[in-house]
Amino acid sequence: MTRLITRRSVIAAGAAAGTLTTLPISMVRLAFGGTREDFSFTYISDSHIQQIKGASFVRNWDMGLKRAVAEANLITPEADFVMFGGDLAQLGKKEELDHGAEMLSHVKGKLHSVMGEHDYYLDLGEYWSKLYGPQWYSFDHKGVHFVVLNSILTTDEWTFHRWPTAEQRMLEMAGLDNPNGSPFMVGEKQRAWLKDDLDKVSKDTPLIVFSHSPLQKIYKGWNFWTDDAEQVQALLQPFKTVNVIYGHVHQIQYNQIGNISFNAVMATAWPWPYPDTYAQAGAHVPVLTVPMNRADPFFERDATGWQMIDVNSGRITARYQLWDNGERVVGYDPKLGKPVDKKYQEAIVRKAPQLHY
Amino acid sequence: MARVANVWKSVETTLVALPLAALLAAGGWAMAEPLGLPKLPVPADNPQSPEKIALGDKLFHDARFSIDGTVSCSTCHNDKKAFTDSPLRVSEGHHKLTGTRNAPSVINAAYYTSQFWDGRSISLEDQSQHPMVNPVEMGLPDHEPVLKIVREDPGYVEGFKKAFGKSGRDVTMDDVKKAIASFERTVISGDSPFDKWYFGGDRNAISDQAKRGFDLYVGQGRCVSCHAIEQTQALFTDNRFHNIGVGINRIQGDVPRLAAEFLKAKAAGASVDKTVLADPMVSELGRFAVTNSFDEIGAFKTTTLRNIAVTAPYMHDGSLKTLKDVVKHYNEGGKSPGDPTPVNPYLSGGIRPLDLKDQQIDDLVAFLETLTSPAYVTAQTK
């Protein structure tokens, strides 16, 4: 089967080389004898739409999401579906969720969404669920089992009316170095649901799990952390091929724990630096071998972007669409048994940071 | 080292007031750059020579290289109009056909790392050949008529012999391109009032209003981020491509269709060079037409600001008539005042509303007016 593809990663190689014309969409025969089709989906995340007053919203965050939607809509053929990775809102307001949802309504194709903590504080996710449905659920697509989790649950401080308003909850929880609430977690109830859900799935069915916070412990000080990560991982480990894709960290990260490959996605709002300067004993910061592409404060979109996720034999390749810089590709290396940078723009060929003024 | 004046025949008419010293150095040309400019980049395979420059000057002004004998390079890059065709919005080719883009000045084009508004040529040499065979510019079917003229015209036979040591029949388009590019490399401009003030230390070279404008240029106006000024030189360009919200409003709702159709045509062999000047809608895809990158939709090259006060109208489509209009466009965050088009999602990340007041806009314009080299003052459009 051949079809025209205008995906930026492919066309960047040049029409003259003939790379425009084919997409490997062959049916892949897996070891257990089943067949499944390669496919792609779009991943947009962490837009942090912020209301200033009335109909006035922070322009920069709006522009990041608008641009991601506009670019993702240019993909031909259309991706199979679109994921939104959470933190659509910034201050946990209904107006922000509505404004963000209006922008997301322009995406072509089916939209799935992950709960972010900024979306949650309004009313513990009730209004978000009216827009996007259950906070955790699963679905099957072309031979892959997808699971969407809410990984930003905390010890329920607000049950005791400690922080009665959305804004208070946001202020207490959003601090980078000293969030006053408990660390994020998936929680016992959801883990039980996950166990039930996965019990029905063959262990050689590839899994792709979406969460907002990483289902691994990266850096507690910044809440780049899910407290019951090991318990969730234990439920995923029996499966032959497992991918976890998470937002929240606003940067490109990848990691391998046992059988589970982890990929982070970029934000459309702003990039975080990797917090290695904050590293301290017990932080369990995974080795980040490749630094984030340039982040130049002048160019608002720099080191932000969106992703195309290619699924091939159940393994994912993340194609990071970096604005103002070349695409970066992270994919699974079967020989090494972990994700690696397949295409990385070295400093010498990147667009240089502003050197004047 | 003696100043060689005779080879600057036409150049002197426009650059006479510049402190250009064309110096014969051992083994070739060395040119002292005007104040404010870096060393002139010259490709290793096309060193400057007085003979080549004189030949290029003649080729640049020869209308016989167009299908109807009316259009030369200098038609759109008129040395009496700061090497533009001001005040035309978009250029006129043979038989008065109109293109889709405003003629950029040749002045300081030698410093660009790519040529054309979308950078589809990587050198002056490569750029010079394209308008001759563009269907709406000079309209030749191919370059054979050019070669026939330069191989048979006695003046050119003599000129190519002096410049390249070749007899008429051996002259190639490569030689033609090199000669034109060599001439264009002499069209440089610095030594403006700004240069005298900023690099030369003359505190009275520009007005107090222009100095206030400079503060805005490097501060609240954010202009310097793309129109760069460095410690010892100022090209006023970052040699990059940005979507600044000009022209894209004409195709915004149609981008997915236009992009898909353009890529399909390109894959089938359509010429980018011809398509972008023939189709006003496709033209607005900008740099995307060259790179196929979604993040360069509607992006065009940052032009130099030198002599900007004498090269109206402005932008790749000539849609803004005055410098004040330009500053107002940026002040609105990449939208011209009153433009009802929804916010352009492809806008470059550096473009944002500036909150400049009317007086500040006037100050910024006053600063931009200090970037005109004395030789170009008379070229100002009235």
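Numbering starts at 1 and runs along the chain as displayed.
The backbone N, Cα and C atoms fix where each Cβ goes, glycine too.
Record features, source TrEMBL:
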| type | residues | note |
| --- | --- | --- |
| BINDING | B:Cys73, B:Cys76, B:His77, B:His94 | heme c 1 binding site |
| BINDING | B:Cys223, B:Cys226, B:His227 | heme c 2 binding site |
| DOMAIN | B:51-184 | domain 'Cytochrome c' |
| DOMAIN | B:208-372 | domain 'Cytochrome c' |
So how many other Cβ atoms are close to B:Cys223 (heme c 2 binding site), meaning within 10 Å of its Cβ? 24
Can you check which residues sit near B:His77 (heme c 1 binding site), meaning Cβ under 8 Å from its Cβ, same chain, 6 or more apart in sequence, and list them in order? B:Phe60, B:Phe83, B:Thr84, B:Asp85, B:Ala103, B:Ser105, B:Val106
Cβ within 8 Å of the heme c 2 site's Cβ centroid: which residues qualify beyond B:Cys223, B:Cys226, B:His227? B:Tyr217, B:Arg222, B:Val224, B:Ser225, B:Ala228, B:Phe236, B:Thr237, B:Asp238, B:Thr302, B:Leu305
Out of B:Cys73, B:Cys226, the listed binding-site residues, fewest other Cβ atoms within 10 Å surround the Cβ of B:Cys226
Rounded Cα separation (Å) that holds between B:Cys76 (heme c 1 binding site) and B:Cys226 (heme c 2 binding site): 26
PLDDT averaged over the residues of the domain 'Cytochrome c' (B:51-184): 96
For the recorded heme c 1 site formed by B:Cys73, B:Cys76, B:His77, B:His94, which further same-chain residues have Cβ atoms within 8 Å of the site's Cβ center? B:Val71, B:Ser72, B:Ser74, B:Thr75, B:Asp85, B:Ser91, B:Gly93, B:Ala103, B:Pro131, B:Glu137, B:Met138
Per DSSP, what is the residue tally for the domain 'Cytochrome c' (B:51-184) in helix, strand and coil? 71 helix, 6 strand, 57 coil
Residues that sit under 8 angstroms from B:His227 (heme c 2 binding site) by C-beta distance, when 6+ apart in the chain: B:Phe236, B:Thr237, B:Asp238, B:Thr302, B:Thr304, B:Leu305
According to DSSP, does B:Cys223 (heme c 2 binding site) sit in a helix, a strand, or coil? helix
At a 10 Å cut-off from the C-beta of B:His94 (heme c 1 binding site), count the other C-beta atoms across all protein chains. 20
Cα distance (Å, whole number) from B:Cys73 (heme c 1 binding site) to B:Cys223 (heme c 2 binding site): 31
